[in-house]
Amino acid sequence: MGTGAVAAQLARLGGALSTSDHASVVSINLFVALLCACIILGHLLEENRWLNESITALIIGLCTGVVILLTTKGKSSHVLVFSEDLFFIYLLPPIIFNAGFQVKKKQFFRNFMTITLFGAVGTMISFFTISLTAIAIFSRMNIGTLDVGDFLAIGAIFSATDSVCTLQVLNQDETPFLYSLVFGEGVVNDATSVVLFNALQNFDLNHIDAMVILKFLGNFLYLFVSSTFLGVFSGLLSAYITKKLYIGRHSTDREVALMMLMAYLSYMLAELLDLSGILTVFFCGIVMSHYTWHNVTESSRVTTKHAFATLSFIAETFLFLYVGMDALDIEKWKFASDSPGKSIGVSSILLGLVLVGRAAFVFPLSFLSNLTKRTPLEKISWRQQIVIWWAGLMRGAVSIALAYNKFTKAGHTQLHGNAIMITSTITVVLFSTMLFGMMTKPLIRFLLPASSNATSEPSSPKSLHSPLLTSMLGSDLETAVPMVRPSSLRMLLTKPAHTVHYYWRKFDDALMRPMFGGRGFVPFSPGSPTDPNVLVEH
């Protein structure tokens with residue numbers, strides 16, 4: 001081959017690369033501009049009765065998809081191809097970590113058994129309800145070459161809830177009990193759904209017997225326990241390093257960088273070991289906020305609190321924006337358009353299964369939970385049960401990511417049954433988020449008038465009169481009421497949460513905090529994160 005031919009080939013390759021680079025730059029510019037638009041519109045619609053930031057991002061994504069469809073003459077509706085890697089590796093970790101980092105731990109662990117009951121047991125009930133009904137109905141509809149494994153995957157996909165819309169309306173200070181239940185159940189539910197989905201991929205589901213079911217449950221419990229342990233270990237390791245080295249003495253940037261990187265490392269380690277990254281990074285966030293956060297300098301505390309919240313907010317907005325754009329992907333709709341009536345029927349059935357699957361555990365498990373409670377204040381009222389049921393009706397990015405993982409290859413599919421499942425998932429996500437999300441504010445105002453009055457007040461003036469750290473410390477804050485020592489086994493049986501909390505506090509103060517630091521347990525050293533005036537003891 002002559003030198004001229006080689007030069008011509010290199011020129012063509014360079015031209016192709018520059019075109020590809022230009023397309024990437026255009027895509028990034030478009031997404032950044034749309035994210036800015038979402039933030040501005042979300043601010044302007046803060047007091048709107050029907051809309052919130054999630055729905056705003058979805059609507060902007062849909063409108064952008066329509067514009068791109070028109071400009072490309074129906075060839076494409078989005079500028080990025082959906083990637084499970086993008087979702088699970090880059091966007092999900094900051095959202096889940098921030099959830100653990102900002103959670104009010106006292107409320108979360110006080111209601112831990114109820115949260116686990118709803119989040120783990122409830123998700124399993126929903127999974128079996130949706131899967132078995134899907135097998136009974138869809139196998140008669142001739143929607144494609146779907147097997148038992150696909151139907152079970154559908155159960156896991158549509159058991160993953162998205163309670164963002166409800167949490168944006170509920171007030172954490174006015175209804176701490178209800179907020180902790182909805183919030184905690186949402187995180188445990190996502191983790192359970194993903195663990196279920198991954199566990200299903202490892203079994204031959206065409207030959208199900210008692211041994212396969214036992215192995216499946218054993219694998220499920222192993223993933224759950226191992227992932228939690230890895231998250232706690234990662235959080236404690238970061239706490240030990242920051243306590244012993246006092247990195248902030250020389251550089252607060254290094255403190256912040258270390259916290260961020262170790263949080264992300266815990267998630268990637270879980271993925272590397274085939275565990276649940278969601279559970280790992282969530283418990284890493286809880287442990288980091290309990291120990292590590294108190295070991296760093298005051299400026300690092302402010303920085304990390306707002307940095308984690310900002311990253312989570314941007315990732316959430318990006319997801320809803322992209323889901324809106326991807327909903328109009330013409331390729332998937334072409335393969336499903338041969339039988340539009342069947343596609344609409346599948347979407348309607350799946351939406352009905354979501355409603356039934358949610359009700360199948362919320363109300364029975366609430367009844368069982370109330371049997372163990374002594375006082376009316378500790379019980380879940382009917383109004384609260386309806387809010388919990390409603391909060392879990394919306395489906396979001398986790399469902400779409402799992403559906404893409406199961407029914408597409410590199411974001412594309414040419415199988416009729418798979419295309420129907422993808423388009424039906426998108427339809428359910430859009431319909432549930434838009435319709436149920438828009439009705440959330442009016443419903444909660446009707447069911448919980450006290451909470452809605454609180455949420456309607458602007459929060460910014462309040463923040464002007466309080467220190468920057470108060471909101472973060474508030475996630476941990478407990479009043480300095482002297483704890484009464486539980487005197488007998490009867491106390492453990494009648495007030496298990498208070499009793500366990502008492503002994504945990506003793507263990508934490510005697511062993512954990514002296515070793516890993518935390519509020520009030522960091523020894524004084526020049527440049528160390530010691531502050532004798534650090535609020536009240538947790």
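From the backbone N, Cα and C atoms, a Cβ is placed for every residue, glycine too.
Residues or ranges marked as transmembrane segment by TrEMBL: 26-45, 57-74, 86-103, 115-139, 151-170, 177-200, 220-242, 276-294, 306-324, 344-365, 386-407, 419-438. The annotation domain 'Cation/H+ exchanger transmembrane' is assigned in TrEMBL to 33-444.
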**Study point:** Paired segments the transmembrane segment (386-407) and the transmembrane segment (151-170) in contact, 3+ CB pairs under 8 A
**Key:** yes
Exercise for review: Six or more residues out from either end of the transmembrane segment (419-438), which same-chain residues have a Cβ under 8 Å from its Cβ atoms?
Suggested key: 50-52, 54-55, 58-59, 62, 143-144, 146, 150, 154, 157-158, 162, 165, 320, 323-324, 326-327, 332-333, 335-336, 339, 342-343, 346-347, 350-351, 354, 390, 393-396, 399-400, 403-404, 406-408, 413
Practice item. Please work out which recorded stretch in 115-139, 151-170, 276-294, 306-324, 344-365 has the most C-beta pairs separated by under 8 angstroms from the transmembrane segment (57-74)? Key: 306-324
**Study point:** Recorded stretches the transmembrane segment (344-365) and the transmembrane segment (276-294) touching, at least 3 CB pairs under 8 Å
**Key:** no
Study note, to complete from the structure: Given the transmembrane segment (276-294), its same-chain partners at Cβ distance under 8 Å and 6+ residues beyond its ends are 88, 92-93, 96-103, 105, 108, 187, 190-191, 194-195, 198, 223-224, 227-228, 230-232, 234-236, 238-239, 242-243, 259, 262-264, 266-270, 301, 304-305, 472, 475-476, 512-513, 516-519, 521-522, 529, 534, 538
**Study point:** Residue numbers, six or more beyond the limits of the transmembrane segment (306-324), whose CB comes under 8 Å of its CB atoms
**Key:** 31, 34-35, 38-39, 42, 53-55, 57-65, 78, 80, 82, 87, 90-92, 94-95, 97-99, 101-102, 164, 256, 260, 396-397, 400, 426, 429-430, 433
